[in-house]
Amino acid sequence: MSVSCCCRNLGKTIKKAIPSHHLHLRSLGGSLYRRRIQSSSMETDLKSTFLNVYSVLKSDLLHDPSFEFTNESRLWVDRMLDYNVRGGKLNRGLSVVDSFKLLKQGNDLTEQEVFLSCALGWCIEWLQAYFLVLDDIMDNSVTRRGQPCWFRVPQVGMVAINDGILLRNHIHRILKKHFRDKPYYVDLVDLFNEVELQTACGQMIDLITTFEGEKDLAKYSLSIHRRIVQYKTAYYSFYLPVACALLMAGENLENHIDVKNVLVDMGIYFQVQDDYLDCFADPETLGKIGTDIEDFKCSWLVVKALERCSEEQTKILYENYGKPDPSNVAKVKDLYKELDLEGVFMEYESKSYEKLTGAIEGHQSKAIQAVLKSFLAKIYKRQK
């Protein structure tokens, strides 16, 4: 099926679900940008469109001519995709569409542009699913997004490893089918390959600090934490969506290193939030049970605790951090409260927001300012 045919079919699907005046997703800037933050109806329409594109992409993959599916294997992949790709908040994927709209500076998106920006957004959601399926196995996690981790679902187990590999390969099937005739196709492939490598390297740094028998809090520092976060989270969660939108808009990524730097800083702020929520948020609100303490993670909280601990408090931290027993975890959490790490985080959040806002407002392009502000608005003071 050609790209144009896919777009026509998508258009028919969208017209049934969404009023015609919502088919063109308008770019928003200035006062309209503020209205976008306040308007739930437009976000609902965008999400409906986005989910329609997921159905098209999933159908493509379930009928990929490169593999002769049996009914059983097709049903497995169908279920696996819905469980792992479709079940998140979709913030990364939707951010591609939001960013591209803002870069268009008030011009209506064509039906094909809507489809392609959504398709790129879904490639990032596929990448996220691939990382999380394997990350949950490595961390021996229990829940993800309010339900059992995929590998803990009955009859899945270690088949989840192969499912992760499938998810990774699906990305390039989508890119080839829908973008190979675009002038930025090679740049897209390079971008996804580079970001995947960066994320895998960040995961490696994170994992090798937690070897059994080699746990040493002395090697944890803010610089190590930043390095892990920059590579493991910031590039794929913050830079990748904007980079995809910039490529679709005909931009050269080498001309936007300053944008990358702001997004990396935003990604670090996001991960510090994540570290804080892992310990202090309600698991039901968060959608998962935090295990950073048990897993001996190089968390921002433990790094800040090490900076503030007395000799006696340091001893308590060394004796209890990285142990799975609930009593050990409770002692670490009690210590965090004693050190007022909640207050330390609140101060960090306020200063980070001020710094990021200043960097964004200093950018010469109003369209790029709007893109960066939209990202910051989505994460500032988030609860999950």
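Quick reminder: no glycine exception, Cβ is built from N, Cα and C everywhere.
The isopentenyl diphosphate binding site annotation in Swiss-Prot covers Lys89, Arg92, Gln128, Arg145 and rests on similarity to another entry. Look at Lys89 (isopentenyl diphosphate binding site): DSSP puts it in coil.
Among the features that Swiss-Prot reports, Mg(2+) 2 binding site is placed at Asp135, Asp139. Mapped onto three states, the DSSP output places Asp135 (Mg(2+) 2 binding site) in helix.
Shown in sequence order, Thr291, Asp295 are the residues of the chain, 6+ apart in sequence, with a C-beta less than 8 angstroms from the C-beta of Asp139 (Mg(2+) 2 binding site). Annotation source Swiss-Prot lists Mg(2+) 1 binding site at Asp135, Asp139.
Sequence annotations record features per position, and here Swiss-Prot assigns dimethylallyl diphosphate binding site to Arg144, Lys232, Thr233, Gln271, Lys288, Lys297. In this structure, Lys297 (dimethylallyl diphosphate binding site) belongs to neither helix nor strand by DSSP; it is coil. Just so you know, the Cβ of Lys297 (dimethylallyl diphosphate binding site) picks up 24 other Cβ atoms within 10 Å once every protein chain is counted.
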Problem - Which of Lys89, Arg92, Arg144, Lys232, Lys288, all binding-site residues, has a Cβ with the fewest other Cβ atoms inside 10 Å - result: Lys89
Completion exercise
Among Arg92, Gln128, Asp135, Arg145, i.e. the binding-site residues, the one with its Cα nearest that of Lys297 (dimethylallyl diphosphate binding site) is Asp135
Completion exercise
Greatest Cα separation in angstrom, residues Lys89, Arg92, Gln128, Arg145 binding isopentenyl diphosphate per the record, works out to 15
